[in-house]
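Report on one structure; see the data block that follows.
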Amino acid sequence: MSTVVSEGRNDGNNRYSPQDEVEDRLPDVVDNRLTENMRVPSFERLPSPTPRYFGSCKWFNVSKGYGFVIDDITGEDLFVHQSNLNMQGFRSLDEGERVSYYIQERSNGKGREAYAVSGEVEGQGLKGSRIHPLGRKKAVSLRCFRCGKFATHKAKSCPNVKTDAKVCYTCGSEEHVSSICPERRRKHRPEQVAAEEAEAARMAAEKSSPTTSDDDIREKNSNSSDE
């Protein structure tokens, strides 16, 4: 590359080339700093994307790692995945557990889901379910569907129930299963159960009270006419 002597660019001893002029025009990237207004705010500075909602766990499948929560205000069933639960170790929810969360649309377009799920106080850890699936840690307890107890055995090898009869794992009775257990209904629908019990008591009281037969009415009317 040819070089030329440029006045003001050298002290007479150093030669100056066009390449030097190009380098002089390049910005000084090292000294370039973002101003305060140009900095991207951190996550802590960002406002919450949506309001914080509150609800309770409707059910949660600990084996598959997902379930649903019921929103307190709308009563909507919101999908929840274990990856969105604020807890350490095995992540799950207990049935009826109180939670708070944010809501967003699901990526597959099938309704909405709860995320950043924690206790009623934001950031508070969750209790989770006592039921754990059998995995590498065989000592983890799970609920047997035959005896209703938390143990390390499965229902097909239950040592506590020798017959083929199933046991309600809600109350332990052999007369019914958990799906129709009155204790389960009383726990989750107390107002409806109380109304049904009150109606049954009223009908029982009517049946036990003495009633006046048609013959008694005719006899009473006959006595009144004779007088």
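Quick reminder: no glycine exception, Cβ is built from N, Cα and C everywhere.
According to Swiss-Prot, the feature Zn(2+) 1 binding site maps to Cys144, Cys147, His153, Cys158. The DSSP secondary structure for Cys158 (Zn(2+) 1 binding site) is coil.
DSSP assigns Cys168 (Zn(2+) 2 binding site) to coil, not to a helix or a strand. Per Swiss-Prot, Zn(2+) 2 binding site is recorded for Cys168, Cys171, His176, Cys181.
Taken from Swiss-Prot, the feature compositional bias 'Polar residues' applies to 1-17.
Residues or ranges marked as domain 'CSD' in Swiss-Prot: 52-120. Shown for the domain 'CSD' (52-120): DSSP residue counts in helix, strand and coil, namely 3 helix, 36 strand, 30 coil.
Here Swiss-Prot flags 1-27 (among others) as region 'Disordered'.
The region 'Disordered' annotation in Swiss-Prot covers 181-227 (among others).
Residues or ranges marked as zinc finger in Swiss-Prot (evidence: sequence analysis): 143-160 (among others).
Under the heading zinc finger, Swiss-Prot lists 166-183 (among others), citing sequence analysis as support. In the predicted model, the zinc finger (166-183) shows an average pLDDT of 72.
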Of the binding-site residues listed here (Cys144, Cys147, His153, Cys158), which is spatially closest to Cys171 (Zn(2+) 2 binding site) when Cα positions are compared? Cys147
